[in-house]
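Residues annotated as FAD binding site in TrEMBL: VAL128, VAL241, GLY498. What TrEMBL records for TYR468 is substrate binding site. Marked as disulfide bond by TrEMBL: CYS422-CYS461. Taken from TrEMBL, the feature domain 'Glucose-methanol-choline oxidoreductase N-terminal' applies to 126-149, 294-308. Summarising the annotation, TrEMBL assigns signal peptide to 1-29.
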Amino acid sequence: MEAIKFQNTVHHDRILIVFIFLFVDLSLCSPSQTQGELPYMTSDVKEVAGKSFDYIVVGGGTAGCPLAATLSEKFSVLLIERGGSPYGNPWVMEKRYYGFSLIQTDEFSSVAQDFKSGDGVRNCRGRVLGGSSAINGGFYSRASEDFIDKVGWDKELVKDAYTWVESKIVSIPELTPWQTVVEFGLLEAGILPYNGYSLEHIEGTKIGGSIFDVWGIRHTSADLLKAANPKNIVVVLNATVKNIIFEGNGNATETTVKGIRFIKSDGTTDQTYEAYLNQPKNCTSNGDVILSAGALGSPQILLSSGIGHREHFKKFNISHVLNLKGVGKKMKDNPSIAVLVDTNPQNRLPDPPQVSGIAKDLKFIIEGGIIPTGFNATRMPIAAKIAFPVSEGELKLSSTDPRQNPSVKFNYLADENDLDDCANMVHLLERVAKSESIAFYLGVKPQNTLMTSIDGQRKFCKANVRTYYHYHGGCTVGSVVDNDYKVYGVKGLRVVDGSTFLESPGTNPMATLLMLGRYQGVKILREREHV
């Protein structure tokens, strides 16, 4: 079989001219930077222990930082983060060290926390101010219009929230030589049309935004805290929330949140501290504890607080508060397949994705990068994911120590539809990986053989499925939280993060999680204005 040629509607020269134009234009763009200073941050938990705030945001990650910054415009906010600061850490802040934070992890203090799902697939989660936006590839791309319609968000407010984020931390990337080659490989495989630079989630090949600026400095969600009112916000680092505190008000039909109980991340679970919500006497609407601890952290905190299926708590001697069966359910992780296009490890400069191929009615996402496998070794994978998997799993507690990962199983490819999709995705992935463009760049002969057996592709999928790091669910809208992200049956408790998603939006969820933090913050401010 001959190598796949460019579609006759696409010509090398035409694309090269478009690319040169874009490259010259992008090189003139200055990076977006958030103005202002960061708010007060402390790792001394005693500074906030026993104090009260209008809002307590648990998790200074992708959604938590813009949420806390927005709420601080009018209310006092405690933002509590289990990890430390990203600032001054080159493995987080500098593009040339992209991926290094994922290869050296430990149990309690590394900026990335490893976990292995019950499927046997290695994965990780952010443990630093900025959350996963501090350890990911930095590719910024919005959700599709269909996704916005499906979840029922206010389109104008969504647009304003995206723009607010983008004006502060998103830059137009200058394509590296390898990303240019990946771009050509995607087009050669027929992933059309060519959309150039776009933040929209649309079919074809495109250049996305980046939270790395043109100097290679990462701008995480933590940079959005520069937009906060410094008089109204305190950021506590290296503090892990153990559980939510409830108060009894004599009304058996209503559970009310009083505050949170937390520990030092490097301390013991026996030494706990508490922070509370303000209880204004002349106001019918109080603030909230808002969980933004991620798809693993938020359901873990709810379960540790006695909110979930009644049968789950006996093993851990946790007092049952509310029988909310959806907690920890509908856990999904987008199945991914990656192929290496280089034959041996090299010592190349790490290179996060800057271009993306979006194919088959937005079902398949394909990107390429250069990732470190050691401190002096890199590999060059082309990876693809299924955007809308049917298979789902469950999250459960594994320990009462909040620093330990919960147990989670995603049941990758358990549904036959996912397995069929994966087989089709592998065929497209091979066409990209074995393209003439990539072969020419690597100095090798193009490979003319493609896997043609559906059965062979399905077996390949089962043997090689991995994560794209876009896991979600566990506190989904309609099951655990309502459309205002309030936890059913509890007063003063919300969840605002990827655990609420039924599907992962866009090429990756970062842009939409950043937007969601701002969006929900503005909605809450508007609600309070009318009380």
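Glycine is no exception: its Cβ is also placed from the backbone N, Cα and C atoms.
No curator has checked TrEMBL annotations; they are predicted automatically.
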Enumerate same-chain residues with a sequence separation of six or more from CYS461 (disulfide bond) and a Cβ-Cβ distance below 8 A; give 'none' if the list is empty. PRO335, ILE337, LEU413, LEU419, CYS422, ALA423, VAL426
For FAD, with binding residues VAL128, VAL241, GLY498 per the record, max Cα distance (Å, no decimals) returned as 18
From the Cα of GLY498 (FAD binding site) across to the Cα of TYR468 (substrate binding site), what is the distance in angstrom? 14
When you measure from the Cβ of CYS422 (disulfide bond), how many other Cβ atoms are you left with inside 10 Å? 27
Which whole number is the mean pLDDT over the domain 'Glucose-methanol-choline oxidoreductase N-terminal' (126-149)? 98
Helix-strand-coil residue split for the domain 'Glucose-methanol-choline oxidoreductase N-terminal' (294-308), DSSP-based: 11 helix, 2 strand, 2 coil
Lowest 10 Å Cβ neighbour count of the binding-site residues VAL128, VAL241 is held by VAL241
Around the Cβ of GLY498 (FAD binding site), how many other Cβ atoms lie within 10 Å? Please give the count over every shown protein chain. 29
Students should find that the Cβ of TYR468 (substrate binding site) has, within 10 Å, a number of other Cβ atoms equal to 22
